[in-house]
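Q: The structure is given below, and queries will be raised subsequently.
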Amino acid sequence: MLLLPLLLLGVILPGGDNEDVFQGPTSFHLKQISTFVNSTWAQNLGSGWLDDLQIHGWESDSGTAIFLKPWSKGNFSDEEITELVDLFRVYLIGFIREVQDRVNEFQLEYPFVIQVIEGCELHSGEAIESSLRGALGGLDVLRIQNHSCMPAPDSGNRGQKLCALLSQYQGTSDIIERLVSETCPRYLLGVLDAGKAELQRQVKPEAWLSSGPTPGPGRLLLVCHVSGFYPKPVQVIWMRGKQEQPGTQQGDIMPNADWTWYLRVTLNVAAGEAAGLSCRVKHSSLGDQDIILYWGHPTSIGLILVAIIVPSLILSICLALWFWRRWSYQNIL
């Protein structure tokens with residue numbers, strides 16, 4: 001564990017260059033969703049995530065892990081991965097059995113869903129923080145951190161009973177503590193290094209403007225679309241000159257299939273006030289060259305004309321050359 005701070009510096013500051021700040025994910029979490037339909041049917045779903053990027057899946061029928069990226073194993077050996085997969089398989093089977101045996105004790109009513117999330121997160125200049133959280137139907141029940149189990153404030157007796165139950169299974173508690181405090185930080189540093197070519201890439205966004213559904217008489221909904229960017233942090237602002245416009249509404253940043261992101265930012269304005277507005281996009285891949293799109297700017301019409309005229313001109317030149325060569329060949333004959 002004493003080597004972790006040095007490894008952390010190697011991941012965040014590759015090559016020891018303070019200017020080369022890590023731009024990719026900083027956390028890894030395993031997510032478990034266990035659905036209990038009745039006393040005889042239950043199902044486990046599992047996945048592994050670097051921030052919002054999924055790199056693992058879980059095949060519940062066969063009890064095997066699915067590695068979604070070539071580097072998803074990090075720097076763990078095949079033997080270590082096999083040991084961990086076997087451990088999770090046994091845990092998930094035992095988890096369902098244990099919960100079904102204690103439905104009455106914890107006053108649970110079918111159907112219900114239990115969620116568990118465990119993982120660790122890098123904090124620049126600080127230690128790696130690890131934790132495990134459990135929830136019932138979306139409401140927190142307990143949290144395990146710093147070698148202690150803490151009931152959630154609104155969990156009532158359930159959180160206290162679960163923490164008391166875990167304290168009776170010292171072997172299980174020790175395994176959880178080792179996975180969260182030791183295995184997870186080591187895996188996180190290894191997978192960030194193994195996948196750094198993809199995780200630290202910079203992909204420039206594409207941006208375009210459109211109008212949305214009419215919000216009311218005499219009103220316009222201006223929409224600024226930004227897509228295909230990576231990493232996730234981005235700033236999109238509707239502006240008039242250098243003044244940010246109030247009333248800007250930003251949607252959720254949504255994932256694309258290629259691990260890039262999409263964002264939609266809208267502004268509701270009076271139809272007569274749309275002229276002179278612009279959408280500014282700031283992203284790390286752009287440096288200080290922000291994308292600025294002007295609503296109804298003449299440049300947009302000019303670009304459309306260029307897009308039509310240039311291909312037509314090229315086609316005309318090609319046809320002229322073809323007729324000239326054919327005419328020359330006939331004259332020779």
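Easy rule for this one: first residue shown is 1, then count along the chain.
Using the three backbone atoms N, Cα and C, a Cβ is placed for every residue, glycine included.
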Q: From the ranges 229-232, 273-276, 329-332, pick the one that Swiss-Prot records as motif 'Internalization signal'.
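A: Here Swiss-Prot associates motif 'Internalization signal' with the stretch 329-332.
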Q: If you check Swiss-Prot, which of Cys120, Cys149, Cys224 bonds to Cys184 via a disulphide?
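A: Record-based pairing for Cys184: Cys120.
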Q: Just to confirm: which same-chain residues, 6+ apart in sequence, have a Cβ under 8 Å from the Cβ of Cys120 (disulfide bond)?
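A: Correct list: Ser27, Phe28, Ile128, Glu129, Ser130, Ser131, Val180, Cys184, Pro185, Leu188.
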Q: Whole-number Å distance between the CA of Cys163 (disulfide bond) and the CA of Cys279 (disulfide bond)?
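A: The separation of the Cα atoms works out to 51 Å.
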